[in-house]
């Protein structure tokens, strides 16, 4: 709850904000909770939303009432190959628009899989859950959409490596350019630091929405012979954040900001928003007990 988490099956079950009915958060000023467990309220600003994504800044969540769903009676695992990443992204967009998004849908780039053209092909993984009728219907619909994007079937998926991963949310119109930009920037920073081995950069689209997608980036850079590997990491991170900002992406889709990335927060939310967060912090935690200097300087 405090990290505003999201899971790979959110298409069926929702993100954490869709699942919480009620909660209790203990703060330095007292306990925040609600007397009724109801599906929705319109009783002024919902103070319980302060806990969502707060990363412990305001207090500790001690109790949560969740919506629950029956376990699925049918599961189907599937995979689809596309000639290029752009084809896969367009297929994901079409699937989202068609309303047949399965429980899990993930698009993996060709760094991790072989087949078709090893320099451009990508793979998509899918998991359908629910009734057999619903799963079969959605699977047929998705295969029909995939056929229009020229998919193929049946694919298989160190030393001195500095590795990291990050995730973000990107508007659909910017997803291809964002992925290309991140890859280019990581390779450019590595080259400028005289890294002799070409970096490994892997991208995947892991969550889909009507207006955009969650994109993960995994990379590995060989730092053998590099004078300051830590500075190399910071330079890569700065370059990747600049790509996010250029393409209207979020600093995080669900991992959060913490202390490490809070310096970029003023670039993505307005000054009044930051002041409001600071004001709430001072109001309910005046002695700065909880999550000191998390998200904002306290």
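Cβ atoms here come from the backbone N, Cα and C positions, even for glycine.
Taken from TrEMBL, the feature active site, proton donor/acceptor covers 216. The FAD binding site annotation in TrEMBL covers 3, 4, 5, 6, 55, 56, 57, 58, 59, 60, 61. Sequence annotations record features per position, and here TrEMBL assigns substrate binding site to 153. What TrEMBL lists as domain 'FAD-binding PCMH-type' is 1-71. Annotated site 'Important for enzyme activity' per TrEMBL: 106, in sequence order.
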Notebook entry, point to check: If you count the other Cβ atoms within 10 Å of each Cβ, which of the binding-site residues 3, 5, 59, 61 comes out on top?
Noted result: 59
Item checked: Cα separation, the residue listed as 'active site, proton donor/acceptor' to residue 3 (FAD binding site) (Å, whole number) -> 17
Note to self: Please list, in sequence order, the residues in the chain of residue 57 (FAD binding site) that are at least six apart in sequence and whose C-beta is under 8 Å away from its C-beta.
What the structure shows: 277, 281, 285, 290, 291, 294, 295, 296, 298
Next item on the list: Sorry to bug you, but what's the C-alpha spacing from residue 106 (site 'Important for enzyme activity') to residue 59 (FAD binding site), rounded to the closest Å?
Entry: 34
Next item on the list: For residue 55 (FAD binding site), write down the residues of its own chain that are at least 6 apart in sequence and whose Cβ falls under 8 Å from its Cβ; none is a fine answer.
Entry: 2, 3, 256, 257, 258, 291, 294, 295
Checklist line | Under 8 Å by Cβ from residue 216 (active site, proton donor/acceptor), same chain, sequence gap 6 or more | finding: 165, 166, 167, 203, 204, 205, 206
Next item on the list: Check each residue in the chain of residue 106 (site 'Important for enzyme activity') that is at least six apart in sequence and keep those whose C-beta is under 8 Å from its C-beta; list them in sequence order.
Entry: 8, 124, 125, 126, 204, 205, 206
Notebook entry, point to check: Any idea what the model's mean pLDDT is for the domain 'FAD-binding PCMH-type' (1-71)?
Noted result: 93
